[in-house]
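Reviewing the structure listed below.
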Amino acid sequence: MSLLLEPNAAMIKEQKLYREMGLTDEEFARIEAILGRLPNYTETGIFSVMWSEHCSYKNSKPVLKKFPTDGPHVLQGPGEGAGIVDIGDGLAVAFKIESHNHPSAIEPYQGAATGVGGIIRDVFSMGARPIALLNSLRFGELTSPRVKYLFEHVVAGIAGYGNCIGIPTVGGEVQFDPAYEGNPLVNAMCVGIIRHEDIQRGVATGVGNTVMYVGAKTGRDGIHGATFASEELSEQSEAKRPAVQVGDPFMEKLLLEACLEAVKSDALVGIQDMGAAGLTSSSAEMASKGGFGIEMNLDLVPQRETGMTPYEMMLSESQERMLLVVEQGREEEIAAIFAKYGLEAKAIGKVTDDKMLRLFFHGEVVAEIPVDALAKDAPVYHKPSAEPDYYREFQAMPTYIPQIEDYNRTLLGLLAQPTIASKEWVYDQYDYMVRTNTVVAPGSDAAVVRIRGTNKALALTTDCNSRYLYLDPEMGGKIAVAEAARNVVCSGAKPLAITDCLNFGNPEKPDIFWQLEKAVDGMSEACRTLGTPVVSGNVSLYNETNGEAVYPTPVVGMVGLVDDLSHVTTQPFKQAGDLIYVIGEAKPEFGGSELQKWLEGRIFGKAPELDLAVEASRQRQLLTAIRAGVVASAHDVAEGGLAVALAECVIGASGLGANVTVSGDLVSELFSETQSRFVVSVKKEHQEAFEQLVEAKLIGEVTNDSILTVNGEHGGTVIRLSVDEMRNVWKGAIPCLLKSKD
């Protein structure tokens, strides 16, 4: 749209055109009061993206304040591109997770690819070198042709971007449920390493300092992407395909290397990714955080399309772009660094002292807005919250106990469920060994990546059981954090901190806002008990299709520190004769379980309980035993219960089996998803030392016959399956579903 065709300020108000941009009548009146006049079209667009939920967190900010964000190792908490945690030796780990849900629902390949690109930029904008990528994905049932299409193209998009830029995708999780049929979730996490002295901030300070634009040229892709991400999906969403950006990983690789060189220069004052809301958010946020203003001449913005208006340039979300603030008079030093990589660093403005965002175009002022009004003073809403009827119904239900006649068939059936089945089809498309630092590849409890130049490693995981959260958001929130910590501990690492991605429905509905509040309450309590502060994160609301919300899905990305590479532990059993222990007892807890969903076709009842004090104690005991060198393998008991955990321990082993005897109620012992449980194998010579350190029950030993045998305590074998049969079912489930013709 040319400037001549843009509606004038009076038309915007009279025709309520601001509503199409996502602003309410009250918000527009507030803008008028802030400016002391009616906003023009460009200013209305700028306010609309900065006041969207995606950029401002206006509906979630009161809830986010509940998270613990401080800790002895935290160097940077929420509010910057990524959180940063000290790991010793003058090094730190920078990490963050973000969503790209709405774009991936419309254009799955580019939506997923640009989600990866954006989170990488968040990490290297802090001055950190990205060393690993993870993801957390949710889709509907794989029997749906539409879901197959989304799944295949999202995975291809993640692989295409990560593989090209040369950062290993080392881990993640994928779950399938009808709740995500129309609204898939695509959350991408990036982890980087940084020296303390290289940490950068996204600030604009120093009057007269130069604002520089680097990276790809600006086009019309992604305009109003932030607003699009703050709406429910509907039949009309397909028309918003232009709001999905297009990524170029090769450009990003050049930008990454140039930025990491530039951060070594003291000429650089501040740096920020042009992510959601592009040039608008990067300039306004940097100025607001620094306590200054920014003035830009939009005629100088590099453009790849002709006739772009100020509105289009400011709202474009073209990828692979960064905004820099550079000391006045030292622009050439920075420009020379970028020129080495074939990139132009273009001066487009300067820092001012009046706390205003002022934009010039063709010699005229086209926008003049207080930066704080766009950033830290954006509206905040305290939404009404109400416990939903379904929750009260579920809480009142009697305990669900499944009836099982054939234990072999039940275990094979669970191994074939896509949420439990092998994700090899997914991670085989990822280059998870590039840079040669990957110690534990995808498929174990957590990925482990070596920290080059040290004897340490990082354990990385993403976790969230959305079904538990639907049944009981507070308990489910606790479990999400606890399970992430469990996975990290099973890998031989001490949990350090988390990043979170809060994926929920429409917060304007009281029952959805209640889910958000309760989930954050549970997560916060778990973070405090387990000593894992929240250092970064993202909120993705309005994940609904035609009024149907996804399950509450607050994904936890956790980083743990392995302080000695010899402590790295994996889930497969290691050798015949080793003793098998289970830590933790089973209760009849099947609400939200894989077994319930498979047998009944739906979930209901109460989620499993979690005692955080017990959880913390068991994790401490297990980590102490691992560090003492008396644990051969460790695996947490999660979806599918103990039977699935044992199957996974033998499937991953080479030529080994297991013979175990379980006591008590067999259905609960084998298939309940009771929390705070682990399967551990121990060499016989370490039996006494292990039993002194850990409260655990000896249930059997590893065999060399490639058969999983499970006996009841009163005699009688209830499960006897060859490892090959289990492996074939487990590995073949997802490829078979993708090949099937509906």
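Cβ atoms are placed via backbone N, Cα and C, with glycine included.
Residues annotated as active site in Swiss-Prot: His54. In the structure as shown, the Cβ atom of His54 (active site) sits within 10 Å of 28 other Cβ atoms.
The feature active site, proton acceptor is assigned by Swiss-Prot to His100, with sequence analysis given as support. Other Cβ atoms within 10 Å of the Cβ of His100 (active site, proton acceptor) number 32 in total over all chains.
Positions annotated as ATP binding site by Swiss-Prot, on the basis of sequence analysis: Tyr57, Lys96, Asp500, Gly537. Annotation for Tyr57 (ATP binding site): spatial neighbours Leu64, Val539, criterion Cβ-Cβ under 8 Å with sequence separation of six or more. Under DSSP, Tyr57 (ATP binding site) is assigned to coil, being neither helix nor strand in the three-state scheme.
Per Swiss-Prot, the feature Mg(2+) 1 binding site maps to Glu98, Asn538; the stated evidence is sequence analysis. Secondary structure from DSSP puts Asn538 (Mg(2+) 1 binding site) in a beta strand.
DSSP classifies Arg121 (substrate binding site) as helix under the three-state reduction. With a cut-off of 8 Å between CB atoms and residues at least 6 apart in sequence, the same chain places Gly81, Glu252, Leu255, Leu256, Asp273, Gly275, Glu320, Met322 near Arg121 (substrate binding site), listed in sequence order. Sequence annotations record features per position, and here Swiss-Prot assigns substrate binding site to Ser99, His100, Asn101, His102, Arg121, Gln245, Glu317, Ser318, Gln319, Ser540 based on sequence analysis.
Reduced to three states, the DSSP call for Asp273 (Mg(2+) 2 binding site) is strand. The Mg(2+) 2 binding site feature in Swiss-Prot is assigned to Asp122, Asp273.
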For the ATP site given as Tyr57, Lys96, Asp500, Gly537, which other residues of the same chain have their Cβ within 8 Å of the site's Cβ centre? Leu64, Pro78, Ile97, Glu98, Thr499, Cys501, Leu502, Val534, Ser536, Asn538, Val539
Counting every protein chain present, what is the number of Cβ atoms, excluding its own, within 10 Å of the Cβ of Glu317 (substrate binding site)? 30
Within 10 Å of Asp122 (Mg(2+) 2 binding site) (Cα basis), scanning binding-site residues Lys96, Ser99, Gln319, Asn538, I find Lys96
His100 (active site, proton acceptor) to Gln319 (substrate binding site) - Cα separation in whole Å: 13
For the binding-site residues Glu98, Asp122, which one has the sparsest Cβ surroundings, going by other Cβ atoms within 10 Å? Glu98
DSSP state at His100 (active site, proton acceptor), helix/strand/coil: coil
Proximal residue to Asn538 (Mg(2+) 1 binding site) among binding-site residues Glu317, Gln319, Asp500 (C-alpha distance): Asp500
Report, in whole Å, the straight Cα-to-Cα distance of Gly537 (ATP binding site) from Ser99 (substrate binding site). 9
Cα of Gly537 (ATP binding site) to Cα of His54 (active site), in Å and rounded, measures 12
